[in-house]
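Structure, as C-alpha coordinates:
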Amino acid sequence: GRMLGINGRSWDDMGSMRWELVGCLFLAWAVIAACLIKGVKSSGKVVYFTAIFPYVVLVILFIRGVTLEGAMKGIEFYILKPNMTRLMEPEVWNDAAAQIFFSLSAAFGGLITLASYNDFKVNCMRDAILISFCNCLTSVFAGFVIFSILGFMAHSAGVEVGDVVTSGSGLAFIAYPAAVTMMPLPPLWSCLFFFMFITLGLDSQFAYVETLTTGLFDQFPVLRNHKPAVVVSLCSFLFLCGLSFCLEGGAYMFELFNWFSGWLSVIVFAVLEVVTVSYIYGFKKFMKNIREEMGVYIPGFMYVYWASTWLFLTPCILTVVFALSCCFYTPAYYSDYVFPPRIQWLGWCLVLASLLCIPAAAGYQIYKTRNLKE
(Lines of atoms letter the chains of each structure in order from A and count residues from 1; the text may use other names and numbers.)
(Lines give C-alpha, C1' and ligand atoms only; values in the text may rest on other atoms or scores of the structure.)
Protein backbone atom coordinates (compact mmCIF):
# COMPACT_ATOMS: atom_id res chain seq x y z
CA GLY A 1 0.00 0.00 0.00
CA ARG A 2 2.86 2.40 0.80
CA MET A 3 4.49 1.84 -2.59
CA LEU A 4 1.26 2.22 -4.55
CA GLY A 5 0.09 5.15 -2.42
CA ILE A 6 -3.36 5.41 -3.97
CA ASN A 7 -5.50 5.55 -0.84
CA GLY A 8 -8.15 8.23 -1.29
CA ARG A 9 -6.86 9.23 -4.74
CA SER A 10 -8.71 9.45 -8.05
CA TRP A 11 -8.19 10.95 -11.49
CA ASP A 12 -9.62 14.22 -10.15
CA ASP A 13 -7.12 14.25 -7.28
CA MET A 14 -3.81 12.59 -8.17
CA GLY A 15 -2.08 14.09 -5.13
CA SER A 16 1.44 15.42 -4.85
CA MET A 17 4.74 14.10 -6.15
CA ARG A 18 6.34 11.24 -4.23
CA TRP A 19 9.98 12.17 -4.28
CA GLU A 20 11.31 8.76 -3.26
CA LEU A 21 9.75 7.34 -6.45
CA VAL A 22 11.17 10.24 -8.47
CA GLY A 23 14.62 9.36 -7.12
CA CYS A 24 14.17 5.68 -8.05
CA LEU A 25 12.93 6.64 -11.52
CA PHE A 26 15.92 8.94 -12.04
CA LEU A 27 18.33 6.23 -10.89
CA ALA A 28 16.74 3.69 -13.27
CA TRP A 29 17.05 5.99 -16.28
CA ALA A 30 20.61 6.94 -15.27
CA VAL A 31 21.57 3.25 -15.26
CA ILE A 32 19.93 2.74 -18.66
CA ALA A 33 21.70 5.77 -20.15
CA ALA A 34 25.05 4.62 -18.74
CA CYS A 35 24.63 1.12 -20.18
CA LEU A 36 23.50 2.28 -23.63
CA ILE A 37 25.76 5.29 -24.07
CA LYS A 38 28.31 3.21 -25.99
CA GLY A 39 25.72 1.28 -27.99
CA VAL A 40 24.43 -2.26 -28.08
CA LYS A 41 27.83 -3.81 -27.28
CA SER A 42 27.94 -2.25 -23.81
CA SER A 43 24.31 -3.13 -23.07
CA GLY A 44 24.92 -6.68 -24.30
CA LYS A 45 27.46 -7.26 -21.54
CA VAL A 46 25.02 -5.99 -18.91
CA VAL A 47 22.22 -8.19 -20.28
CA TYR A 48 24.27 -11.31 -19.49
CA PHE A 49 23.62 -10.49 -15.83
CA THR A 50 20.10 -8.99 -16.06
CA ALA A 51 18.86 -11.97 -18.11
CA ILE A 52 20.43 -14.75 -16.03
CA PHE A 53 19.92 -13.34 -12.52
CA PRO A 54 16.07 -13.61 -12.58
CA TYR A 55 16.37 -17.35 -13.27
CA VAL A 56 18.69 -17.74 -10.28
CA VAL A 57 16.20 -15.90 -8.07
CA LEU A 58 13.25 -17.91 -9.41
CA VAL A 59 15.03 -21.17 -8.58
CA ILE A 60 15.84 -19.92 -5.06
CA LEU A 61 12.27 -18.72 -4.50
CA PHE A 62 10.89 -21.98 -5.89
CA ILE A 63 12.98 -24.06 -3.48
CA ARG A 64 11.89 -21.81 -0.62
CA GLY A 65 8.26 -21.71 -1.79
CA VAL A 66 7.69 -25.47 -2.01
CA THR A 67 9.11 -25.95 1.49
CA LEU A 68 6.50 -23.61 3.00
CA GLU A 69 3.50 -25.06 4.78
CA GLY A 70 0.48 -25.03 2.46
CA ALA A 71 2.57 -24.69 -0.71
CA MET A 72 1.09 -27.83 -2.26
CA LYS A 73 -2.36 -26.34 -1.78
CA GLY A 74 -1.38 -23.47 -4.05
CA ILE A 75 0.33 -25.71 -6.63
CA GLU A 76 -2.74 -27.95 -6.70
CA PHE A 77 -4.90 -24.90 -7.37
CA TYR A 78 -2.51 -23.85 -10.14
CA ILE A 79 -2.22 -27.20 -11.94
CA LEU A 80 -5.19 -29.40 -11.00
CA LYS A 81 -8.02 -26.92 -10.54
CA PRO A 82 -7.99 -24.55 -13.52
CA ASN A 83 -11.20 -22.65 -14.17
CA MET A 84 -11.89 -23.88 -17.71
CA THR A 85 -15.03 -21.74 -18.03
CA ARG A 86 -12.78 -18.66 -18.22
CA LEU A 87 -11.69 -19.86 -21.68
CA MET A 88 -15.08 -18.70 -22.94
CA GLU A 89 -14.35 -15.12 -21.88
CA PRO A 90 -12.79 -12.89 -24.60
CA GLU A 91 -10.88 -10.93 -21.96
CA VAL A 92 -8.86 -14.06 -21.09
CA TRP A 93 -7.72 -14.51 -24.70
CA ASN A 94 -6.95 -10.82 -24.95
CA ASP A 95 -4.84 -11.00 -21.78
CA ALA A 96 -3.08 -14.12 -23.09
CA ALA A 97 -2.24 -12.39 -26.37
CA ALA A 98 -0.99 -9.30 -24.52
CA GLN A 99 1.17 -11.48 -22.27
CA ILE A 100 2.79 -13.24 -25.22
CA PHE A 101 3.42 -9.95 -27.01
CA PHE A 102 4.98 -8.41 -23.92
CA SER A 103 7.08 -11.40 -22.89
CA LEU A 104 8.42 -12.00 -26.40
CA SER A 105 8.46 -8.28 -27.35
CA ALA A 106 6.81 -9.28 -30.61
CA ALA A 107 5.69 -6.40 -32.87
CA PHE A 108 7.33 -3.80 -30.59
CA GLY A 109 10.33 -3.38 -32.88
CA GLY A 110 12.89 -4.57 -30.34
CA LEU A 111 13.37 -7.99 -31.91
CA ILE A 112 14.01 -6.51 -35.35
CA THR A 113 16.39 -3.91 -33.90
CA LEU A 114 18.49 -6.34 -31.87
CA ALA A 115 18.41 -8.98 -34.63
CA SER A 116 19.94 -6.44 -36.99
CA TYR A 117 23.16 -6.70 -34.97
CA ASN A 118 23.37 -10.47 -35.58
CA ASP A 119 25.59 -12.09 -38.16
CA PHE A 120 23.75 -12.33 -41.47
CA LYS A 121 23.89 -16.12 -41.57
CA VAL A 122 22.66 -16.70 -37.99
CA ASN A 123 20.07 -19.51 -37.68
CA CYS A 124 17.07 -17.26 -37.00
CA MET A 125 14.60 -20.17 -37.29
CA ARG A 126 16.29 -22.13 -34.51
CA ASP A 127 16.51 -19.05 -32.30
CA ALA A 128 12.82 -18.20 -32.80
CA ILE A 129 11.67 -21.69 -31.75
CA LEU A 130 14.12 -21.90 -28.84
CA ILE A 131 13.24 -18.49 -27.41
CA SER A 132 9.50 -19.12 -27.70
CA PHE A 133 9.75 -22.43 -25.84
CA CYS A 134 12.02 -20.96 -23.15
CA ASN A 135 9.64 -18.04 -22.69
CA CYS A 136 6.60 -20.26 -22.17
CA LEU A 137 8.46 -22.69 -19.91
CA THR A 138 9.67 -19.75 -17.81
CA SER A 139 6.09 -18.51 -17.41
CA VAL A 140 4.94 -21.97 -16.29
CA PHE A 141 7.85 -22.29 -13.84
CA ALA A 142 7.16 -18.80 -12.45
CA GLY A 143 3.57 -19.94 -11.87
CA PHE A 144 4.83 -22.69 -9.55
CA VAL A 145 6.86 -20.11 -7.62
CA ILE A 146 3.96 -17.68 -7.20
CA PHE A 147 1.26 -20.24 -6.40
CA SER A 148 3.40 -22.07 -3.86
CA ILE A 149 3.66 -18.77 -1.99
CA LEU A 150 -0.05 -17.99 -2.49
CA GLY A 151 -0.81 -21.45 -1.07
CA PHE A 152 1.27 -20.56 1.97
CA MET A 153 -0.67 -17.29 2.35
CA ALA A 154 -4.00 -19.10 2.07
CA HIS A 155 -2.91 -21.69 4.65
CA SER A 156 -1.72 -19.00 7.06
CA ALA A 157 -4.96 -17.01 6.70
CA GLY A 158 -7.18 -20.11 6.82
CA VAL A 159 -8.86 -19.32 3.48
CA GLU A 160 -8.98 -20.85 0.00
CA VAL A 161 -6.25 -20.05 -2.54
CA GLY A 162 -8.82 -18.42 -4.82
CA ASP A 163 -9.48 -15.83 -2.11
CA VAL A 164 -5.88 -14.57 -2.12
CA VAL A 165 -5.19 -14.78 -5.87
CA THR A 166 -4.65 -11.42 -7.50
CA SER A 167 -2.94 -10.18 -10.64
CA GLY A 168 -1.01 -7.28 -12.14
CA SER A 169 0.58 -4.74 -9.81
CA GLY A 170 -1.54 -6.09 -6.96
CA LEU A 171 0.37 -9.37 -7.09
CA ALA A 172 3.77 -7.69 -7.24
CA PHE A 173 3.25 -4.98 -4.66
CA ILE A 174 0.53 -6.30 -2.34
CA ALA A 175 0.16 -10.10 -2.32
CA TYR A 176 3.85 -11.05 -2.50
CA PRO A 177 5.08 -8.47 0.06
CA ALA A 178 2.32 -9.66 2.41
CA ALA A 179 3.55 -13.25 1.99
CA VAL A 180 7.17 -12.24 2.57
CA THR A 181 6.34 -10.75 5.98
CA MET A 182 5.08 -14.18 7.06
CA MET A 183 8.33 -15.97 6.11
CA PRO A 184 11.49 -16.33 8.15
CA LEU A 185 14.10 -13.70 7.16
CA PRO A 186 11.62 -11.45 5.29
CA PRO A 187 14.28 -8.84 4.30
CA LEU A 188 16.22 -11.52 2.39
CA TRP A 189 13.26 -12.65 0.29
CA SER A 190 12.09 -9.08 -0.26
CA CYS A 191 15.51 -8.01 -1.54
CA LEU A 192 15.78 -11.01 -3.85
CA PHE A 193 12.28 -10.58 -5.26
CA PHE A 194 12.44 -6.85 -5.91
CA PHE A 195 16.02 -6.92 -7.17
CA MET A 196 14.80 -9.51 -9.67
CA PHE A 197 12.05 -7.07 -10.64
CA ILE A 198 14.63 -4.33 -11.16
CA THR A 199 16.77 -6.50 -13.44
CA LEU A 200 13.72 -7.56 -15.46
CA GLY A 201 12.67 -3.93 -15.88
CA LEU A 202 16.14 -2.81 -16.92
CA ASP A 203 16.38 -5.71 -19.36
CA SER A 204 13.16 -4.64 -21.08
CA GLN A 205 14.11 -0.97 -21.12
CA PHE A 206 17.47 -1.71 -22.74
CA ALA A 207 15.67 -3.21 -25.74
CA TYR A 208 13.03 -0.49 -26.04
CA VAL A 209 15.45 2.42 -25.71
CA GLU A 210 17.86 0.77 -28.15
CA THR A 211 14.93 0.45 -30.57
CA LEU A 212 14.18 4.18 -30.30
CA THR A 213 17.81 5.25 -30.70
CA THR A 214 18.36 2.90 -33.65
CA GLY A 215 15.26 4.32 -35.34
CA LEU A 216 16.56 7.85 -34.84
CA PHE A 217 20.03 6.97 -36.16
CA ASP A 218 18.58 5.22 -39.23
CA GLN A 219 16.25 8.13 -40.00
CA PHE A 220 18.83 10.83 -39.24
CA PRO A 221 22.32 9.36 -39.88
CA VAL A 222 24.00 12.61 -38.80
CA LEU A 223 23.00 11.81 -35.21
CA ARG A 224 25.30 8.76 -35.16
CA ASN A 225 28.24 11.09 -34.54
CA HIS A 226 26.54 12.29 -31.35
CA LYS A 227 25.35 9.00 -29.87
CA PRO A 228 26.07 9.79 -26.17
CA ALA A 229 24.17 13.08 -26.42
CA VAL A 230 21.23 11.39 -28.17
CA VAL A 231 21.02 8.59 -25.58
CA VAL A 232 21.21 11.01 -22.62
CA SER A 233 18.65 13.37 -24.19
CA LEU A 234 16.23 10.54 -24.95
CA CYS A 235 16.55 9.04 -21.46
CA SER A 236 16.06 12.50 -19.93
CA PHE A 237 12.91 13.03 -21.99
CA LEU A 238 11.53 9.63 -21.01
CA PHE A 239 12.34 10.37 -17.36
CA LEU A 240 10.23 13.52 -17.56
CA CYS A 241 7.41 11.55 -19.21
CA GLY A 242 7.51 9.08 -16.32
CA LEU A 243 7.04 11.70 -13.61
CA SER A 244 3.25 11.35 -13.87
CA PHE A 245 3.65 7.79 -12.56
CA CYS A 246 5.34 9.17 -9.42
CA LEU A 247 2.29 11.05 -8.18
CA GLU A 248 0.39 9.67 -5.19
CA GLY A 249 -2.25 8.45 -7.64
CA GLY A 250 0.37 7.43 -10.21
CA ALA A 251 -0.74 3.80 -10.03
CA TYR A 252 -3.85 4.85 -11.95
CA MET A 253 -1.68 6.28 -14.74
CA PHE A 254 0.37 3.08 -14.72
CA GLU A 255 -2.78 0.95 -15.08
CA LEU A 256 -4.04 3.17 -17.91
CA PHE A 257 -0.83 2.67 -19.89
CA ASN A 258 -0.72 -1.00 -18.98
CA TRP A 259 -4.34 -1.37 -20.16
CA PHE A 260 -4.05 0.38 -23.51
CA SER A 261 -0.42 0.76 -24.64
CA GLY A 262 0.31 -2.90 -25.44
CA TRP A 263 -3.13 -3.93 -26.53
CA LEU A 264 -4.95 -3.35 -29.83
CA SER A 265 -2.19 -1.38 -31.50
CA VAL A 266 0.36 -4.18 -31.05
CA ILE A 267 -2.08 -6.76 -32.43
CA VAL A 268 -2.64 -4.54 -35.47
CA PHE A 269 1.12 -4.16 -35.96
CA ALA A 270 1.60 -7.92 -35.75
CA VAL A 271 -1.15 -8.66 -38.30
CA LEU A 272 0.22 -6.03 -40.70
CA GLU A 273 3.76 -7.38 -40.37
CA VAL A 274 2.69 -10.97 -41.03
CA VAL A 275 0.47 -10.02 -43.96
CA THR A 276 3.12 -7.74 -45.47
CA VAL A 277 5.86 -10.39 -45.33
CA SER A 278 3.73 -13.44 -46.20
CA TYR A 279 1.41 -12.01 -48.85
CA ILE A 280 2.75 -8.71 -50.19
CA TYR A 281 6.45 -9.60 -50.20
CA GLY A 282 5.65 -13.29 -50.62
CA PHE A 283 6.09 -16.27 -48.30
CA LYS A 284 8.00 -18.38 -50.85
CA LYS A 285 10.31 -15.50 -51.69
CA PHE A 286 10.97 -14.86 -47.99
CA MET A 287 11.76 -18.52 -47.31
CA LYS A 288 14.06 -18.56 -50.31
CA ASN A 289 15.96 -15.60 -48.82
CA ILE A 290 16.40 -17.49 -45.54
CA ARG A 291 17.47 -20.77 -47.16
CA GLU A 292 19.64 -19.61 -50.03
CA GLU A 293 20.99 -16.21 -48.92
CA MET A 294 21.27 -16.83 -45.16
CA GLY A 295 22.12 -20.53 -45.56
CA VAL A 296 19.61 -21.72 -42.95
CA TYR A 297 18.52 -25.35 -43.36
CA ILE A 298 14.73 -25.74 -43.06
CA PRO A 299 13.38 -29.32 -42.82
CA GLY A 300 10.18 -30.10 -44.71
CA PHE A 301 8.00 -30.33 -41.60
CA MET A 302 9.28 -26.94 -40.41
CA TYR A 303 8.51 -25.43 -43.80
CA VAL A 304 4.92 -26.67 -43.42
CA TYR A 305 4.82 -25.27 -39.88
CA TRP A 306 5.99 -21.80 -40.93
CA ALA A 307 3.62 -21.79 -43.90
CA SER A 308 0.58 -22.74 -41.83
CA THR A 309 1.36 -20.24 -39.07
CA TRP A 310 2.43 -17.26 -41.16
CA LEU A 311 -0.10 -17.65 -43.97
CA PHE A 312 -3.14 -18.73 -41.98
CA LEU A 313 -3.08 -19.39 -38.24
CA THR A 314 -1.34 -16.26 -36.94
CA PRO A 315 -3.24 -13.63 -38.97
CA CYS A 316 -6.57 -15.41 -38.42
CA ILE A 317 -6.16 -15.90 -34.66
CA LEU A 318 -4.94 -12.36 -34.11
CA THR A 319 -7.79 -10.94 -36.21
CA VAL A 320 -10.32 -12.93 -34.15
CA VAL A 321 -8.71 -11.77 -30.88
CA PHE A 322 -8.79 -8.19 -32.15
CA ALA A 323 -12.46 -8.44 -33.13
CA LEU A 324 -13.47 -10.06 -29.83
CA SER A 325 -11.51 -7.47 -27.87
CA CYS A 326 -13.42 -4.68 -29.61
CA CYS A 327 -16.82 -6.36 -29.34
CA PHE A 328 -16.46 -7.30 -25.67
CA TYR A 329 -14.44 -4.28 -24.61
CA THR A 330 -14.18 -3.78 -20.85
CA PRO A 331 -13.55 -0.22 -19.61
CA ALA A 332 -10.23 0.25 -17.84
CA TYR A 333 -10.38 -0.04 -14.07
CA TYR A 334 -8.21 -0.49 -11.01
CA SER A 335 -9.60 -2.69 -8.25
CA ASP A 336 -13.18 -1.43 -7.81
CA TYR A 337 -12.52 1.99 -9.36
CA VAL A 338 -13.64 2.27 -12.99
CA PHE A 339 -11.85 5.11 -14.77
CA PRO A 340 -14.03 8.07 -15.87
CA PRO A 341 -15.15 8.27 -19.53
CA ARG A 342 -12.69 11.06 -20.37
CA ILE A 343 -9.82 8.87 -19.10
CA GLN A 344 -11.10 5.97 -21.21
CA TRP A 345 -10.87 8.28 -24.22
CA LEU A 346 -7.34 9.21 -23.18
CA GLY A 347 -6.51 5.51 -23.29
CA TRP A 348 -7.94 5.22 -26.79
CA CYS A 349 -5.78 8.18 -27.78
CA LEU A 350 -2.75 6.14 -26.66
CA VAL A 351 -3.87 3.37 -29.01
CA LEU A 352 -4.41 5.77 -31.91
CA ALA A 353 -1.13 7.61 -31.31
CA SER A 354 0.85 4.54 -32.36
CA LEU A 355 -1.57 3.36 -35.06
CA LEU A 356 -1.57 6.73 -36.83
CA CYS A 357 2.20 6.44 -37.26
CA ILE A 358 1.58 3.78 -39.94
CA PRO A 359 -0.33 5.97 -42.45
CA ALA A 360 1.84 8.97 -41.51
CA ALA A 361 5.07 7.09 -42.26
CA ALA A 362 3.59 5.58 -45.44
CA GLY A 363 2.50 9.01 -46.65
CA TYR A 364 5.93 10.44 -45.93
CA GLN A 365 7.69 7.66 -47.85
CA ILE A 366 5.35 8.05 -50.83
CA TYR A 367 5.91 11.81 -50.84
CA LYS A 368 9.68 11.34 -50.53
CA THR A 369 9.79 8.77 -53.35
CA ARG A 370 7.80 10.97 -55.70
CA ASN A 371 10.11 13.91 -55.05
CA LEU A 372 13.16 11.76 -55.81
CA LYS A 373 11.64 10.64 -59.12
CA GLU A 374 10.87 14.22 -60.10
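From the backbone N, Cα and C atoms, a Cβ is placed for every residue, glycine too.
Those TrEMBL annotations? Automatic predictions, nothing curated.
Computed from a predicted structure; not experimentally measured.
Noted in TrEMBL for the protein shown:
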- 21-40: transmembrane segment (TRANSMEM)
- 46-63: transmembrane segment (TRANSMEM)
- 96-117: transmembrane segment (TRANSMEM)
- Ser103, Asn135, Leu200, Asp203, Ser204: Na(+) binding site (BINDING)
- 129-152: transmembrane segment (TRANSMEM)
- 230-254: transmembrane segment (TRANSMEM)
- 260-282: transmembrane segment (TRANSMEM)
- 303-325: transmembrane segment (TRANSMEM)
- 345-367: transmembrane segment (TRANSMEM)
Within-chain partners of the transmembrane segment (303-325) [C-beta distance under 8 Å, separation at least 6 from its ends]: 90, 93-94, 97, 125, 263-264, 267-268, 270-271, 274-275, 277-279, 283, 287
Close in space, distant in sequence - Ser204 (Na(+) binding site), Cβ under 8 Å, 6 or more apart: Ser105
Chain-internal residues near Asp203 (Na(+) binding site), provided their CB is under 8 angstroms and they sit 6+ positions away: Val47, Thr50, Ala51
Selected stretch (most C-beta pairs under 8 A with the transmembrane segment (230-254)) from 21-40, 46-63, 96-117, 129-152, 345-367: 21-40
Other CB atoms within 10 A, centred on Leu200 (Na(+) binding site): 15
Contact set, same chain, for the transmembrane segment (46-63): CB under 8 Å, 6 or more residues outside the stretch: 35, 138, 141-142, 144-145, 148-149, 189, 192-193, 195-196, 199-200, 202-203, 206
Environment of Ser103, Asn135, Leu200, Asp203, Ser204, the listed Na(+) site - residues of the same chain whose CB lies within 8 A of the CB centroid: Phe102, Ser105
Long-range Cβ neighbours of the transmembrane segment (129-152) (under 8 Å; 6 or more residues past either end): 55, 58, 61-62, 65-66, 68-78, 99, 103-104, 161, 164-165, 171, 175-176, 179, 182-183
